[in-house]
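Notes follow the structure.
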Amino acid sequence: MGEAVEEISVSTTPPRPAVTPVPPIAAPPAQYHSPSLTRVPLLPTAAEDGGDHVETAITTSKTPKSLTPKIRTPRFITPIGSPLRRALHLTKLDPQDAWLPITESRNGNAYYAAFHTLCSGIGIQALILPVAFTILGWTWGLICLSLAFIWQLYTLYLLVQLHESPETGIRYCRYLQLADATLGNKLSKFLALFPILYLSGGTCVALIIIGGSTSKMFFQIVCGATCTTKTLTPVEWYLVFTSAAVILSQLPNLNSIAGVSLIGSITAVGYCTLIWVVSVAKGTLPGVSYNPLKAKTEIGQFFDVLNALGMIAFAFRGHNLILEIQSTMPSSEKHPSRVPMWRGVKFAYFVVAMCLFPLAIGGYWAYGQKIPEQGGMLTALYTFHSRDTSQFILGLTSLFVIINAVSSFQIYGMPMFDDMESKYTTRMKKPCPWWLRHLFRVMFGYGCFFVAVAIPFLGSLAGLIGGIALPVTLAYPCFMWLKIKKPEIYSPIWLLNWALGLLGMALSVILIAAGVYVILETGIHAQFFKPQ
């Protein structure tokens, strides 16, 4: 019997295992992904299933057919590449990225980045820079403007670098996502939510005020002094501008408005150049003085200076959109999005510098202390040169301002559209239907119209608003860099970011106090529901 058993145990074909080992499943290691908005990953991590029940992991990773997003961009997920990545094993894939207007298209490039950055980085707020010079004077005005430009360009570089994390493979496609990951959920809502919402929604309100009032001015220029046609009321002009902005806002995603941003950039550069060239060409006004304006008391002088600094800070905007713009690009370990993004940003801010500095210097040289506080250079052009300047130039300048305002409305409204749709997709676990997407944008546009009619004096709060939004531009990126990159303690980069971050927060508090003081001291023409 022992021999028989021995013969049976020796076989030329060994028995086949009952279960074939399945290799572990991993997301493409060379692809960066944004953090989950729904908190439910499509692919479970190895830690969640302990390496066991692989077949269960395969089953649970599949979503129902009705919930599978239609990814419009084939480069959104690249083939498996670079085996050198060791830190990223299983990445949480979020279907909402393919459903939301900021991230549903990933075909962006350096040109698109330059268009969007330039359109969001330069605007009508740059025209009030000479007003700040009337308080600071030539020397301190130039010094503060130059330092602010360098500082905000540095923090812009930090945000571009922080967009994607090689350590975790995560892309922070929205400023609030990065703030949430670094400052914490509760602290980010308290510190970052309001400034970011204002920089999106509040800017759209200001654009309606500017676009509506400039539309009225454009009609008067085109119609002429002898025109008998009855013009629309200011509220009706606001409504006309808002309707045009709402119609254009129906473009689906951030990549689809690249052409709109290009037109907005060209018109912004156009009216900035026209205004300062005409002002300089006409020469200085009679009796111009460059002596800084001084309040009667020392405390008043101190707060006036701080309010001027707030105006300079208000001139630099767009940091709350940089991560969103960068998220429209494909990104992988071999070809990270920060390379083309920074290339586009450098070009855009070179053009921004070519507009801001001539505006501030040329405008202050031409008008000095006579420059109007409301509207700055644009109001000065119509006030002092409406008779000795060609009507064609004045009309073209107004038209450029209107087109730029409509274009800027789209890029500043996109984060708000994205936020409204994300609430729906998180709750319903499916893409937002086309009719609801259009309804969201119509509601947002006309909601901004109501606020613009109710608070038409929003431009008088430039210094205060600059102080509120300053941390988003100058302070938070420094703290985010320290939290994520963790540089060596007391190293130069560690000291630099701590110094800039703390200085930015201190300036924000002081500027807010100064803005409130100036408003209480000088007062504002708070005429609710009475746009001029």
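Including glycine, each Cβ sits where the backbone N, Cα and C put it.
Lifted from TrEMBL, the feature list:
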type: COMPBIAS; residues: 14-27; note: compositional bias 'Pro residues'
type: DOMAIN; residues: 107-519; note: domain 'Amino acid transporter transmembrane'
type: REGION; residues: 1-31; note: region 'Disordered'
type: TRANSMEM; residues: 127-154; note: transmembrane segment
type: TRANSMEM; residues: 190-210; note: transmembrane segment
type: TRANSMEM; residues: 257-279; note: transmembrane segment
type: TRANSMEM; residues: 347-367; note: transmembrane segment
type: TRANSMEM; residues: 392-413; note: transmembrane segment
type: TRANSMEM; residues: 434-455; note: transmembrane segment
type: TRANSMEM; residues: 461-482; note: transmembrane segment
type: TRANSMEM; residues: 494-520; note: transmembrane segment
Range from 127-154, 190-210, 392-413, 494-520 with most C-beta pairs under 8 A to the transmembrane segment (434-455) | 190-210
Honestly, do the transmembrane segment (347-367) and the transmembrane segment (257-279) touch, with at least three Cβ pairs under 8 Å and pairs 6 or more apart in sequence?
-> yes
Interface present between the transmembrane segment (392-413) and the transmembrane segment (257-279) (three or more C-beta pairs under 8 A) | yes
Which one, 127-154, 190-210, 494-520, has the most C-beta pairs under 8 Å toward the transmembrane segment (392-413)?
-> 190-210
So which residues does the transmembrane segment (494-520) touch in its own chain, when a touch means Cβ under 8 Å and the partner is 6 or more beyond its ends?
-> 151, 154-155, 158, 302-307, 309-310, 313, 460-461, 463-468, 470-471, 474-476, 478-479, 481-482, 487-488
